[in-house]
Each structure stands twice: as C-alpha cells, then as structure tokens.
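Only one structure is covered here, and it is reproduced in the block below.
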Amino acid sequence: MKLFDSHCHLDDQTFDADIDAVIQRMQAAGVAAAMIVGTTQERSIRAVSIAESYPGCYASVGIHPHDAKEGSEETLKFLVNLAKNPKVRAWGEIGLDFNRMFSPRKDQEMWLVRQLEIAAELDLAVIFHERDSSGRLIEILKTCHKTFHAGVIHCFSGEKSELKQYLDLGLYIGITGIVTIKNRGAELRKLAPLIPADRILVETDAPYLTPVPEKNHTRRNEPAFVRSVLLKLAEVRREDPEHFSAQVWKNTCRLFNIQINQRVQTLL
C-alpha cells in the first residue's frame, strides 16, 4: 500500500526537533509522498526547504485567509518566484475563514481572488481552506471557476449540498482524520461514499486533527497517520484498502501534476 498525505504542515515548529524521525516513520508506514502546505511567506519558504531536503516531499506556497490582512503584491511576487522551484506543485492554502476572523472579510476575499489569478498563470493546482463562509467561497469559485485549472477542498466537513457544488466545480475532496472520530465524524462518514473514487484525497493536516486510534495516545498528528484515514474511508466506502489506496495515489499525483512512474522510481 502506497499512500500520499495530500496536506500537512511539517514546517510547524512542533516538528523542529524531530523532523528526520517524522519522515522516517512516514516512510515506514508506506506514506511515500507528502504535500507540505505553505500559509505565509515565511512558512512557504520553510515548506519548500523541507521538500527539497526529503525525497517524496513536495510543497505549496500561498497566503492563508488568517494572514490575508498582511497580504501584499510584494509578498505575492516573492511567492511567484518561490513557486519556480520544481518541488512546488500547488498554490495554497488559500480561501475564506469567517470563524475567528483573524483577517477582515474584504481582505480575505480580495487576496483569494488575486491568488486564484496567480495560480492560473502558473498552471498550479489550488489548495482551498473554507470555514464558516456560509457559501461565500462557493459563490466566488462559481464566478472564478475558469480562473484556476484544478483544486482541492482541504479538510472537507460540510453538508451534502456543499459537496455536490464542489464536485460540480470539478474540485477534489480532501478527507482528514475527522472521519475516524466517533461523533464529530458521523456526518462525514455518511457523505464519504458519495465522493467519486477519482476525486477523493486523504490528508492529515498534521500537526492537527490526529485520527483514531493514534489520537488515543498522542496529540500531535504526523503524515504516518494518514494510513488510519485511508483505512476508515475504505471501510465506510466498502472498498478494498489496497485498491482504494492505489486510486487515491493516482488522484493525488494527477492533481499535483506528479508523474507516477517517476515518483515510484525516485522512492524505490
């Protein structure tokens, strides 16, 4: 079984002391690749640096909605240059977060649209973040759906109607360890079988959202634990884990424009 953690934050300071061990555990668990997601200029630099240091690791760059108030054309120009690195395979995470409102709504929306334009110019897939936007992200994406060529809704935990609209927009759906949690993941487990097999990704969002059973003995999530997400998804979808993991691997490589055969040769 070969797995791809499509969304993690190995640039987080909680990994500073043992990043080598984390990567070793990831590889031992059959997680052959991971996307390290940028959220600010500084953290995008760190994500790319880590990706350059380890086989099978890739990076994205972008301005998270929490940090939109600090957005500038100067920062975006820097990130565009950073995205020239061959290890950068996506733009994000970007989107809307109206939960804590760390940045004003107008700033979030402005820099979301601007970054969609840049991702299109660079022909990069987009990693979307959405929380409590009450359909506003969907409204913007429907208006700008021809502006970007591909994307994934990271950590999907919405309703059936939202799922349908995301799929209608041609987006992939990223599933985290929430699907393994008894009460919190109940609705997600009902919706998971409705996602087309060729449009689903698995992710950890490490160091956050630790899945069960790992959640029972550690707080920090890490890429190795994406296996638990895959197994729970295969269970609720009534699919063979080996076959399902192969499909999810293909999906992730397709989205991030990674040549599958080349990737296998690099890792073996």
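The count begins at 1 with the first shown residue.
Here the Cβ of each residue, glycine as well, is placed from N, Cα and C on the backbone.
Just so you know, TrEMBL annotations are computer predictions that nobody has curated.
Look at TrEMBL and you will find HIS7, HIS9, GLU93, ASP205 tagged as divalent metal cation 1 binding site. TrEMBL lists HIS129, HIS154 with the feature divalent metal cation 2 binding site.
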At the level of the C-alpha atoms, what whole-angstrom distance separates HIS9 (divalent metal cation 1 binding site) and HIS154 (divalent metal cation 2 binding site)?
13
From the centroid of the CB atoms of HIS7, HIS9, GLU93, ASP205, the recorded divalent metal cation 1 site, which same-chain residues not already listed sit within 8 A by their CB, in sequence order?
CYS8, VAL37, ILE127, HIS154, CYS155, GLU203, THR204, ALA206, TYR208
Taking the Cβ of GLU93 (divalent metal cation 1 binding site) as reference, which residues of that chain separated by at least 6 in sequence fall under 8 Å from it?
HIS7, VAL37, GLY38, THR39, SER60, GLY62, HIS64, ILE127, PHE128, HIS129, HIS154
Cβ-Cβ under 8 Å from ASP205 (divalent metal cation 1 binding site), same chain, 6 or more residues apart: which ones?
HIS7, CYS8, HIS9, HIS154, CYS155, THR176, GLY177, ASN221
